Amino acid sequence: LTEDEDVQRMLRGSLLRKIKSRGVPRERLFRLQEDGATVCFEGRFRGARSPQSFSVLHIEGVREGHQSEGLRKYGATFPERHCFTIVLKGKLKNLDLAARGEEDARHWVQGLTKLMGRLQAMSQPEKLDQYPFWIHGVLQRADRNKDNKMSFREVKSMLRMINIDMDDGYAYRLFKECDHSGNERLEGRELEEFCRRLLRRPELEELFGHYSGEDLVLSAEELQDFLRDQGEDASLRQARAIIRTYELNEKARQQDLMMLDGFMMYLLSAAGDILNQEHTKVHQDMSQPLCHYFISSSHNTYLTRNQIGGTSSTEAYVRALMSGCRCVELDCWEGSDGEPIVYHGHTLTSKILFRDVIESIRDYAFKQSPYPVILSLENHCGLEQQATMAHHMRAILGDMLLAQPLEGQDPHSLPSPEQLKGKVLVKGKKLPEPWQKPQGMTSLLEPEEEEEEEEEEEEEKFQERSRRQVRGSLCGVKGPQHAMALTPRWFLQAKDASQVAPELSAVVVYCQAVPFPGLAHALRHPQPWQMSSFSERKARKLIKEAG
């Protein structure tokens, strides 16, 4: 790939602006290192300039244009074709970047995509060949004064570069144990020892010693014993094949012997994974009714941090969907300018537009899995904004939105995930159909059970305070002005948010939220399209009483 035009441009480096919510974005030099797997740039750590880097292995995806919440909010002044987002795995923040020109942005998007594909296709030995170059590059960048020695401060910088989040006390203890010269600097063999200690797995060393004996070399026969003890029906031929694939020492490999490093490489590879590799893709029967499956679900999906004052973000929906989640939650509240918003009500969490959330779901719902996505609506909006919600879902999701029962589907059973591939289902409350026996408004006026413990606990506190008030009244303490303050929060919110707009009711098809009627009633009158949510406390109570 070094001959590739895109990769060559990345090796030379480009001036890119890092778009953030605060401050004027300044240009920084982003450059691909010679290892072909590390990108370096100058950043800031605790206010001071600090060289930073990330590995291409840590990239989950690259998006062109204003395809992130950060660029949509703060990158509007930069042409869309100059912008791109590097989405990093796990808890690492996205990098929203703007190049000087369209050509530069295209080189980086295409180049990173090629490198990601190449690294994912590399075998374990090929990756190992790259590690010395990668580690050498990291050490060079961390060595600020270029004296080929590493102070503890420089070692901490190195750990940050390779995304190792380690307790300072533990890191310093390792540092001191390797500092044989006692000069508070690591060099040569000391530094190599420090890096090896970072990679130590004492539990694997103990396991290896148990099977290899005193010589600490595993023969093919001893490896076969280990495999059989793991419940594998392994032959001597299979044991030899494993040694030839994973042993790093050429002489040992030629003699069908395995050293500790080779043993660790095998156990940490996909072949040593406890998960059957056939099960990394869908292998189950997906033609059963939807209610026959456990569904990977997310609670308060919009939050990126804590649920009291954390940040709400459409990126949280993207991450949930890209990790395979098939049910996401939207807490919908009245917003200004007639636009519903999503946030954790009655808290200091930030707010995002319902419309933006639906757009993100449209773009990412089926990138990781083709099976249906359920939008669990916790609805606190009035009738007018409920109608707006329904309009946004129909307009943005289009044919992806399931707004009618599947043609030919048995009304007494739910369709299967296979039948619902590529469809978005809405879970919410529904008005009685004209042909149904009217149920009145009672079921729609009851509080959402899925507001979980907080509502139950609030009600219990209300009842306890009410009992105290009665006891106080009997003692001659009166005061009707206290009654309103003791009313549960959900009762005060009744307004028209307790009703359901016909437009929103119409898009609820197979996931109708209803208050739980009790086990006896549910078993006598099964309604497969109805569903109820429980707090953990309520679920435990049901298990105890009628498990």
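First residue shown is number 1, and so on along the chain.
From the backbone N, Cα and C atoms, a Cβ is placed for every residue, glycine too.
Quantities reported herein were computed from a predicted structural model and do not represent experimental measurements.
Among the features that TrEMBL reports, domain 'PH' is placed at 8-117. Broken down by DSSP into helix, strand and coil, the domain 'PH' (8-117) contains 33 helix, 44 strand, 33 coil.
Across the domain 'EF-hand' (138-165), the prediction's mean pLDDT works out to 83. The domain 'EF-hand' annotation in TrEMBL covers 138-165.
Look at TrEMBL and you will find 431-469 tagged as region 'Disordered'.
The compositional bias 'Acidic residues' annotation in TrEMBL covers 446-461.
Summarising the annotation, TrEMBL assigns domain 'PI-PLC Y-box' to 504-547. Summarised by DSSP class, the composition of the domain 'PI-PLC Y-box' (504-547) is 20 helix, 5 strand, 19 coil.
When DSSP labels each residue, the domain 'EF-hand' (138-165) comes out as 15 helix, 1 strand, 12 coil, counted as helix, strand and coil in that order.
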